[in-house]
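A quick write-up on the structure given underneath.
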Amino acid sequence: MGVSLSAPHLLRAARGEVLDRPPVWMMRQAGRYMKAYRDLREKYPSFRDRSEIPEVAIEISLQPWRAFQPDGVILFSDIVTPLPGLGIEMDIAEGKGPIIQSPIRSQAQIDQLRPLEPEASLPFIKTILQALRTEVDNQSTVLGFVGAPWTLAAYAVEGKGSKTYSVIKNMAFSDPTVLHQLLAKFADAIAIYARYQIDCGAQVVQMFDSWAGQLSPQDYDVFALPYQQRVFEQVKQTHPDTPLILLVSGSAGVLERMGKSGADIVTVDWSVDMADARARLGKEVKVQGNLDPGVLFGSQEFIRDRIYDTVRKAGNWGHILNLGHGVLPTTPEENVAFFFETAKQLSLTAVT
Ligand code: CP3
């Protein structure tokens, strides 16, 4: 094994270096579209086991690393993983996502939440992140991730995924003081958790505010943005050099606002043209994205054209090539392989 002295490609791009090609990884790159993952899932049918038994979680993160050598290797976990440590019991149901046994609906429940003590309640995180750092040996960048306050609150209050967000919007618009207390407590817990992931080896941390795009821009400014800022500010206080990424799903209406969150890198989804995203975010903000995950159902020529188009529009600074959201479970593995091969052979001079 060679010892690499320089920082890995993704970390260098995230810090603002101009490179010969953009680094590439894929959201949800570990998961159901891979046969190796589906096989392991038969042996460990519970998602909590898969993500909380260190050897299993490590193996799952390494499956795409071994298959495709992405520039980023992400912790295999879920955004709701820290909730039991706050006193919110949860499970992750096959095909459904997180289920919260006793959804948070009252002031009394919020008062009972415990501060997060990650060493005690998330002991597996350190083992997993340390092993990933050792395994990839600076040939790739290890990413941690957390959920954002609004999105975690959406699960905690609704009790499960939602199409309409009726319960949390009812709280937001009829009893905002209660919701703001929950968001504040979540923000502080998430900051503690993100710092802990960095201390354990995460070199970049991505925060998923997946459901903040369900808010109108004026409500995003009240219920999402201030708490994103609160997390990022707290993390930057102790870990100023760790690049932080923000994702919002369906972000076209709030892209400029995402740029004000304090994130170093804004994930752009395919509802926005990458050239427009650059123009709207300005010169300081780095971007990640933004192919439609559905592109991976197309031909190789089609996939190649879309990669070139995105890279051309993003320019040769501050771009991490990715999909605009997670890879879809029915994506052919060979198309994922082709995506990575094509991206890793890119030389910016060839496409610009
Ligand atoms: O390897 C990686 O890229 C990490 C994968 C990852 C998972 N969850 C594993 C997972 C990540 C980044 C998450 C974060 C997460 N979890 C988000 C934010 C990302 C996003 O998609 O916006 C959200 C909203 C959740 C909540 C959640 N957990 C959902 C919506 C689901 C999917 C339900 C389903 O089955 O489609 C989950 C379960 C989950 N988390 C799966 C995986 C791989 C699927 C369950 C399985 O594979 O058995």
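Each Cβ is built from the backbone N, Cα and C atoms, and glycine gets one as well.
The domain 'Uroporphyrinogen decarboxylase (URO-D)' annotation in TrEMBL covers 23-32, 143-159. The substrate binding site annotation in TrEMBL covers ARG28, GLN29, ALA30, GLY31, ARG32, ASP78, TYR155, SER210, HIS325. Among the features that TrEMBL reports, site 'Transition state stabilizer' is placed at ASP78.
A map of TrEMBL features onto the structure.
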residue : record                             : contacts (Cβ under 8 Å, 6+ apart)
ARG28   : substrate binding site             : GLY326, VAL327
ALA30   : substrate binding site             : TYR37, ILE60, SER61, GLN63, PRO64, ILE74, PHE76
ARG32   : substrate binding site             : ARG38, ARG41, PRO329
ASP78   : site 'Transition state stabilizer' : PHE47, SER51, ILE92, PRO98
TYR155  : substrate binding site             : ILE79, VAL80, LEU83, MET90, PRO98, ILE100, GLY147, GLY161
HIS325  : substrate binding site             : MET27, LEU247, SER249, ASP269, PRO293
Listed binding-site residues with Cβ under 6 Å from ligand 1, out of ARG28, ALA30, TYR155: ARG28, ALA30
Close approaches to the domain 'Uroporphyrinogen decarboxylase (URO-D)' (23-32) from elsewhere in its chain (Cβ under 8 angstroms; 6 or more beyond its ends): 9-10, 12-14, 38, 41, 60-61, 63-64, 68, 70-74, 76, 141, 143, 247, 320-323, 325-327, 329, 336, 339-340, 343-344
Folded-back contacts onto the domain 'Uroporphyrinogen decarboxylase (URO-D)' (143-159), same chain, C-beta under 8 angstroms, at least six residues removed: 25, 72-75, 77, 79-80, 82-83, 88, 90, 98-100, 103-105, 129, 165, 167-168, 171, 179, 182-184, 186-187, 190, 193-194, 197-198, 200, 202-212, 214-215, 223-224, 227-228, 230-231, 246
Three-state secondary structure, TYR155 (substrate binding site) (per DSSP): helix
Coarse DSSP state, helix versus strand versus coil, of ARG32 (substrate binding site): coil
Where the record names ARG28, GLN29, ALA30, GLY31, ARG32, ASP78, TYR155, SER210, HIS325 as binding substrate, the maximum Cα to Cα distance in Å: 23
